[in-house]
Amino acid sequence: MRIVENPHAKNIKYTTDHRERPRSVKNRINGDRHLNVLPDLDHRFNVRKTETEQQSLFSTRNLQFSYEDKEKRVLDKDAVEESHIEIKNAEILIEKQEDEMREGSTGISYGSCSRSRVLEKSRTGIVNVLAFKPPIFRANGGAMASIMPNFGLRRLPLLNKFRSTLPPPVRFHRSSTSIAISSSESSYEDSEEPKSNTHTLSIEEPQINKSKSKKPKPLFPKRGETLELVCESLAFKGKGLCKVEDTGYVVMCDRALPGERFVGRVTRKKNNYSEVTKVKTLNPHRDMVEAPCEYSSNCGGCRTQNLLYEAQVSAKEEQVRDLVVHVGKFSYKDPEFENVMKPIVPCNLQFHYRNKMEFSFGPKRWLPKEQMVEKNEDGNLFSLGLHAPGFFDKVLNVDKCFLQSEPANKVLAAVQECWRNPELGLSPYDCHSHAGFLKHLTIRSGRDVDTQAPQLMVNFVTSSYKPELLKPLVDKLAVFPEVVSIMNNINTAVGNTSVGEKEYTLYGKATITEILRGLAFEISANSFFQTNAHQAEILYKLVEDCAGLKGDGSEIVLDLFCGTGTIGLTLAKKVKHVYGYEVVPEAISDARRNAKLNGLHNATFIQGDLNKIGESFGKDFQKPDIVISDPNRPGMHTNLIKYLLKLKAPRIVYVSCNPATCARDLDLLCHGSVDQKIQGCYRLRSIQPVDMFPHTPHIECVCLLELC
């Protein structure tokens with residue numbers, strides 16, 4: 001550091017310190033301030049401030065002034081000329097120059113300042129100002145003592161991205177005694193001010209209207225906060241996808257439909273989105289229709305009855321497309337993608353299409369808020385129906401369901417009519433106290449092989465075996481000609497499952513039959529079977545088309561997750577042999593019985609857990625030409641995917657009831673994974689969405705993969 005003294009002004013000290021240079025833009029311009037400079041500049045410059053204004057700072061970067069004498073000196077009037085400069089587009093350049101100071105001056109004079117200050121406009125459109133030249137001090141009126149370094153406004157970088165946060169530019173006012181900095185929108189301006197005996201440099205802080213400044217909204221809405229939202233589309237599982245205005249933050253709302261504007265309350269925060277509950281609808285959705293079911297607004301079965309069916313299938317197709325692109329990592333830009341992605345196949349039967357419905361007994365009837373004021377006159381609040389959405393212990397009483405057949409609804413009404421009679425001594429199971437007798441009522445529908453007449457199976461799931469308690473119900477239901485089987489499953493566990501540990505036949509036979517693609521299938525109380533037999537005909541036809549069978553009976557088919565063998569058996573007549581794997585023993589028994597029933601002897605069904613396959617897996621069958629995989633909602637295990645990649649069958653037909661896990665598995669089969677050390681070797685040829693369950697968010701997909 002170097003100190004230079006002027007003998008004519010003993011109390012003026014000029015200190016230079018090149019270490020004071022700002023190192024970043026943050027040091028030059030800082031949010032609420034115009035310029036960021038020395039904190040002790042206030043008392044040294046005797047800066048004027050109003051009561052409501054904050055301290056304004058002025059950076060000299062490499063020169064500090066220290067005034068210890070009351071006789072303060074100010075810059076010459078000629079030091080500043082009037083100029084209009086936009087502060088956000090300006091760069092101020094300081095040219096280092098030297099000049100001699102006249103002896104005997106009582107102030108600081110810049111003899112050649114007017115000559116050296118020039119306004120220049122560069123070719124790039126940036127206005128440059130060559131500002132003041134510092135004085136040279138002479139000691140004792142003779143020899144030059146030393147040269148003082150340059151000072152002034154340094155170059156300000158263009159901060160385009162900070163325009164919204166910067167305060168308005170400043171305006172310079174010059175006078176013979178003071179320089180004031182005030183706010184301006186676009187320029188520096190000079191103005192004459194009244195002379196004053198005090199020589200000071202005053203800096204006026206720009207007036208900021210704090211009342212107009214708005215606090216930025218947080219990105220994540222808080223729990224309990226209400227938002228006005230517009231549903232953009234339906235996401236997977238049928239929830240409405242919305243975005244918060246101004247931030248674009250994603251929120252999901254149950255029962256919100258595309259185009260609907262509503263008020264929602266934030267209920268929970270997830271990893272990258274929040275869930276809201278609809279409080280009030282402001283504008284209905286664009287494809288609104290009247291739901292025929294009185295329970296549709298509160299039941300968790302079919303949520304989208306009030307949405308036009310054409311809009312439902314369109315939304316489902318878009319969901320599959322988005323999942324294949326974002327989860328499966330297949331590109332829209334691929335010229336073959338449009339040929340791969342097939343349009344969705346709608347369902348002709350939009351109601352009464354399910355052949356299985358499961359109802360639950362409850363000790364207390366659940367009512368929506370708007371119906372809480374209503375009370376049951378007889379005081380019996382027992383319920384038989386469907387679980388309220390999101391609750392395992394609350395049951396919405398249902399007298400009629402539009403998803404099951406009309407004969408099934410008659411059986412449900414008959415049970416509802418008599419099971420609450422205190423004389424029968426029947427009590428619903430309480431999942432909290434684990435007391436009670438009746439747990440579930442399952443109604444399955446089928447068709448007679450010869451007459452095509454409807455058949456019904458009624459299954460009572462109870463906590464213990466007490467057939468005498470069920471006898472009044474059995475007698476009442478046996479009068480229906482469609483009822484050919486009444487079963488009793490015993491489930492002593494405290495869980496809410498409907499699969500019994502033991503099974504008893506209370507009336508008729510133990511199975512019913514269903515016809516699918518020309519084959520007869522026996523269905524037991526706990527066996528898996530496609531719940532929409534009408535649409536299953538179309539689904540299995542698509543599977544056969546994707547398999548591309550030669551028809552000469554020379555191919556081997558491996559049917560994974562075969563269930564009761566429906567897919568494999570429909571292909572058995574055209575192939576050499578079918579090998580089916582399933583983890584449920586009862587399903588394997590049904591598959592073997594169905595093969596025998598239809599006279600098919602080239603089908604072998606093996607019980608085993610495909611999620612726990614070992615090195616010995618595959619020794620029970622020949623290398624397949626076609627692999628058919630129909631997993632449950634979690635999709636295929638990584639070990640099974642590795643086995644299929646090692647097996648390298650020419651074709652894989654993937655039948656999925658969950659597009660999300662399907663897209664994940666397709667990504668591994670086609671693209672592989674570096675982290676999991678998986679190398680894909682298949683090419684996706686087609687994806688065919690199928691609407692198996694109208695008015696619900698569920699989607700079925702048939703995918704064809706070929707070996708590269």
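For all residues, glycine too, the Cβ spot is worked out from N, Cα and C.
Note that TrEMBL annotation is computational and uncurated.
Counted within 10 Å of its Cβ, the other Cβ atoms near Cys657 (active site, nucleophile) come to 17, all protein chains included. Feature annotation from TrEMBL assigns active site, nucleophile to Cys657.
Of all Cβ atoms in the shown protein chains, 25 besides its own fall within 10 Å of the Cβ of Glu582 (S-adenosyl-L-methionine binding site). If you look up TrEMBL, you'll see Gln530, Phe561, Glu582, Asp630 marked as S-adenosyl-L-methionine binding site.
Among the features that TrEMBL reports, domain 'TRAM' is placed at 220-280.
For 183-219, the entry in TrEMBL reads region 'Disordered'.
Distance from the CA of Cys657 (active site, nucleophile) to the CA of Asp630 (S-adenosyl-L-methionine binding site) is 8 Å. A straight line from the CA of Cys657 (active site, nucleophile) to the CA of Glu582 (S-adenosyl-L-methionine binding site) spans 17 Å. Across the residues annotated as binding S-adenosyl-L-methionine (Gln530, Phe561, Glu582, Asp630), the widest Cα-Cα separation comes to 15 Å.
Look at the domain 'TRAM' (220-280): DSSP puts its residues at 3 helix, 33 strand, 25 coil.
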